[in-house]
Amino acid sequence: MLVMHLSLNLIIFVLLTCVKLAHLCTNDGYPFECYLSTMTPYRTVSNKDFYKIQFDGCKAKKAWMVVRHGTRNPKAATIVRMKERLPLIKQKILDSSHFPNEYVKNHDLDLFRKWKPSGHPKDEKKLAHEGEEEMLLLAERMQNRFPDVFENVYTNKTYRFKYTYSQRTQKSAYYFARGLFGKATAKSVYFPEPTEQDPILRFYKMCENWNKNIKKNPEAALEKRLFVSGIEMKQIVNNINQRLGFESYLTTDDITLIYHTCAFETAWHKKSKSPWCSIFTVDDLKVLEYVEDLDMYWQDGYGYELSYKQACPAFGDMINFLESKDPHSKVTVYFTHSGTLLKILAHLGLYKDEQPLTAENFSKMSNRQWKTSKIDSFATNLAFVLFGCEDGDKILTLHQERVVRLPSCPNSDLCSLNQMHKYYENSLQNCDFDALCNTR
């Protein structure tokens with residue numbers, strides 16, 4: 001078997017990636033950016049290096065990508081609460097003689113004075129300007145890394161794009177195309193009409209068993225509820241009230257709302273700080289992040305087998321596309337949501353911790369792999385690139401634009417199609433979505 005040698009460019013890419021992974025989301029100026037869960041802006045975790053990726057004796061031939069929409073607006077209920085509750089809290093802060101202090105400084109008070117709630121419920125979940133930029137830059141970097149695959153000339157035979165039934169994925173798809181082909185061409189790119197139920201892009205919406213027994217089942221959210229009502233959260237509520245001189249004015253719901261506001265405003269505005277972030281310490285944010293991680297772990301991750309097993313049609317779609325012999329078809333890119341990305345990541349066996357995430361083991365899970373701030377930020381993406389090599393076809397996997405090694409090939413960046421078939425045989429050969437998801 002031919003020994004694979006990394007080109008100089010790839011050696012540089014891997015070394016820089018390793019450095020970035022070791023310091024993923026370190027921001028001494030705004031440390032809160034590292035703990036915003038699924039509301040984390042992609043700029044804090046993206047790989048901004050764009051060296052061409054090459055392997056000796058191999059040529060990139062095809063790519064299949066699944067992309068979470070870019071930074072968006074909150075849901076309507078959150079926008080309403082921001083408008084109704086936060087001005088009251090803001091005024092209480094400004095009326096207090098407790099400030100400035102080591103947490104809320106004069107600069108933060110100035111920001112509070114200028115702060116007004118933004119957004120309208122009718123614009124809920126729409127793609128924000130930051131989300132547009134995330135998609136543009138992601139497309140440009142992928143094109144630089146794989147110029148033979150992500151060609152800058154568009155034809156609907158070469159490219160296949162698809163998005164879900166939502167404004168945020170539709171706009172994400174458009175801005176990704178714009179990053180590849182430019183503004184004029186992007187307007188003429190073909191996007192098929194989305195469907196409310198899509199067996200690949202949002203398979204879980206069609207899984208009756210998952211919706212009934214996990215999504216809508218209160219027992220599936222037990223660990224999150226226990227943690228929210230537990231000592232760590234109570235301590236945070238008490239600490240923040242004391243820090244602000246409020247006694248017991250702020251509730252758990254208030255703290256959650258402020259956390260979400262801090263997160264969204266951080267994502268929207270890369271050059272300015274949200275005043276709401278100033279009330280938190282890093283330790284506070286770690287607890288609030290864990291609440292979100294518990295939610296996603298038990299709903300979309302490793303908490304229940306069904307959650308990730310139902311991703312087999314999407315995994316099969318990827319393998320079928322990369323193995324297809326169509327000489328023209330080079331790129332498939334799907335624009336979707338957190339629920340899809342997380343289930344596929346778990347289906348692949350990535351970011352699996354030895355211990356399940358529970359309400360009781362927060363203190364032991366500080367180095368956990370399942371950390372949504374890193375693995376499921378806005379614009380999260382997973383790419384599989386097919387390389388034709390002298391000793392057969394192989395797949396390179398990238399998550400957040402970084403090379404990741406699948407469990408099927410733990411010692412190699414490239415994984416042969418044969419090895420992929422062998423390791424994921426059950427997923428590929430026994431993918432009976434109806435049997436998994438039918439409650440009858």
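Placement of Cβ uses the backbone N, Cα and C atoms for every residue, glycine included.
TrEMBL entries are annotated by machine, without manual review.
The feature disulfide bond is assigned by TrEMBL to Cys58-Cys389 (among others). Cys389 (disulfide bond): 18 other CB atoms within 10 A of its CB, across all protein chains.
The disulfide bond annotation in TrEMBL covers Cys262-Cys277 (among others). For Cys277 (disulfide bond), the count of additional Cβ atoms within 10 Å of its Cβ stands at 22 [all protein chains shown].
Neighbours of Cys409 (disulfide bond), defined as other CB atoms within 10 A of its CB across all chains, total 17. Cys409 (disulfide bond) falls within neither a helix nor a strand when secondary structure is assigned with DSSP, and so counts as coil. Taken from TrEMBL, the feature disulfide bond applies to Cys409-Cys415 (among others).
The annotation signal peptide is assigned in TrEMBL to 1-24.
Here the Cα atom of Cys389 (disulfide bond) is found 11 Å from that of Cys415 (disulfide bond).
Across the fold, the C-alpha of Cys409 (disulfide bond) and the C-alpha of Cys277 (disulfide bond) stand 41 Å from each other. Counted within 10 Å of its Cβ, the other Cβ atoms near Cys262 (disulfide bond) come to 25, all protein chains included.
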